[in-house]
Amino acid sequence: MATVPTYYVKHIITTNPKLYFLHRVEKFQSLACLLHNQEQQSKPTQLDNVNKSSENNRDAKVTSSFFPKRGQNLELVCESLAFKGKGVCKVEDSGFILMCDRALPGERFIGRVTRRKGSYAEVTKLKTISPHWDIVDAPCEYASYCGGCKTQNLSYEAQLRAKEQQVRELIVHVGRFSDKTPEFLNTMKAIVPCDEQFHYRNKMEFSFGSQKWLPKNLLEDKQEDGQTYALGLHAPGFFDKVLNVNKCLLQSKPANMVLEAIQECWRHPNFGLTPYDTRCHTGFLKHLMLRTGRNPDTGLLELMVNFVTSSYEPDLLKPLVEKVSVIPEVVSIMNNVNTSVGNTSVGEEEYTLYGKSSITEMLRGLIFKISANSFFQTNTGQADVLYKLVEDCAGLRGDGSEIVLDLFCGTGTIGLTLAKRVKHVYGYEVVPQAISDAQQNAKLNGISNATFIQGDLNKISDTFGSDFPKPDIVISDPNRPGMHLKLIKYLLKLKAPRIVYVSCNPATCARDLDYLCHGIKEQNIKGCYELKSIQPVDMFPHTPHIECICQLELC
Ligand SMILES: C[S@@+](CC[C@H](N)C(=O)[O-])C[C@H]1O[C@@H](n2cnc3c(N)ncnc32)[C@H](O)[C@@H]1O
């Protein structure tokens, strides 16, 4: 029988959060079984007791292997946070793992098993018996049911601890780095907190929907207005239901003024505006994207409002444009027209309805132009901190002699912030618009030693690298799936003296670090890097996202 190579399985597992979790759970499971077998088999377990008292219990002889069953109610304690901020609960003795959305470390609660997935099960929280450790009041009225800020009622210090612990576990279990050596203490740095824990997002995308969503306990009180149309955030797990939101504490104050102004008027019957219905593909308004930047001359906030619609009908948008253009910070109103049935906000056509077609932002002393669809780090303040750390890890000599290869360069931000201290920067990126923004950003800042090339780094050929000199430093900042194996192999062959790996997914990051440092055994490829440091950075308080900067040096 043909076997699938382990490196391939590992690559797939860490790219897919669900599979990754399963894999991790299986590791815990085997450990738990091992420990369990060493214990006295006759000892009654808490698990047995729960089974016996359960209404669903058919037979007192039911063994732990049949546990838990779908629909069963259990009393659980959350131990830690895992992927996507889900709470991890273990059944005492058996170590069976249950995952519960919105359960926080230390919380004792009653949960109902909704799905059993092989070696772990999913649970829905029914009732909290005693709250989690480090409980705080969530300032946002939607925090307990909006999918965005899952940990707003966990103290910020506890959020940081949980994130740091996740990175550490991944580096040890997936990356195969030992945390038992004295060097590990120096390698694994403490997480860098975010100074601004609210109003830090410079971009928010809200959706218009024809079906307002409310959690069950609020249905009776709040749907008296008879309104079914909503503008807000997608209900967790639903592509067609929208939680109506009048204010989001993660975005800037002027962005909230725009949201409120639109909420006040868009349903007015005289305007004839309809939300796009994602099931029957009718309706006009799809998304409202709000981007906040800063004017480089005055330092004042400036806002772009982008309406994503299913067709181009500027007259229909006129009342909304009039309403928001009076807000002093609004300097750009755009219309992206997206005729596809998909949920994306990038339009096939783009129109300027008011003011300019882009806004600006400042980062590490440079000015960046941001258009409606260009990628830009969503937390500007913390991006400044992140880029400073990247520069430190790059360890530039500063004599203008080095070559930097900036992989997944987006609009060129990292490479451009390093350009003044190096000989040349070569940036690679798949999105053509981002490349053109990067070139304009270089011009805007008077930088002539940066070249940006459009290309797909998942599809590199054997000739990749022939059009630039061997780099001294490689910066790699991929999106969540991490680096493709082809790119890893290229880097192992290239042997640049230093790699700075910036990651927004610690699972794929740990996997890629394992390849670069320990090699790919099945392919007889040796690793040739040493992990010098791994620095988690909190870019997004109250959410499960974690950024990491890793410094690697050629052995
Ligand atoms: C996390 S962002 C980093 C952007 C940039 N370094 C920054 O800090 O603003 C990842 C970037 O990788 C790009 N990207 C994703 N897949 C890619 C691929 N296969 N080839 C090249 N670029 C890709 C995305 O378009 C995005 O701009």
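Cβ atoms are placed via backbone N, Cα and C, with glycine included.
Model, not experiment: these values are computed from the prediction.
The feature domain 'TRAM' is assigned by TrEMBL to 67-127. For Gln377, Phe408, Glu429, Asp477, the entry in TrEMBL reads S-adenosyl-L-methionine binding site. What TrEMBL records for Cys504 is active site, nucleophile.
Separation of the C-alpha atoms of Gln377 (S-adenosyl-L-methionine binding site) and Cys504 (active site, nucleophile): 11 Å, rounded to the nearest whole number. Cβ neighbour counts within 10 Å, taken over all protein chains shown, single out Glu429 as the most crowded of the binding-site residues Glu429, Asp477. Separation of the C-alpha atoms of Asp477 (S-adenosyl-L-methionine binding site) and the residue listed as 'active site, nucleophile': 8 Å, rounded to the nearest whole number.
Taking every pair among Gln377, Phe408, Glu429, Asp477, the residues listed as contacting S-adenosyl-L-methionine, the largest Cα to Cα separation comes to 15 Å. Neighbours of Phe408 (S-adenosyl-L-methionine binding site), defined as other CB atoms within 10 A of its CB across all chains, total 20.
Each residue in Phe375, Asp406, Leu407, Cys409, Gly410, Thr413, Ile414, Pro478, Asn479, Val502 lies on the same chain as Gln377, Phe408, Glu429, Asp477 and has a C-beta within 8 Å of the C-beta centroid of that S-adenosyl-L-methionine site, without being one of the site residues.
Secondary structure of the domain 'TRAM' (67-127), assigned with DSSP and counted as helix (H, G, I), strand (E, B) and coil, comes to 3 helix, 35 strand, 23 coil. For the pair formed by Phe408 (S-adenosyl-L-methionine binding site) and the residue listed as 'active site, nucleophile', distance between Cα atoms is given as 12 Å, rounded to the nearest Å. The separation of Glu429 (S-adenosyl-L-methionine binding site) from Cys504 (active site, nucleophile), Cα to Cα, is 17 Å.
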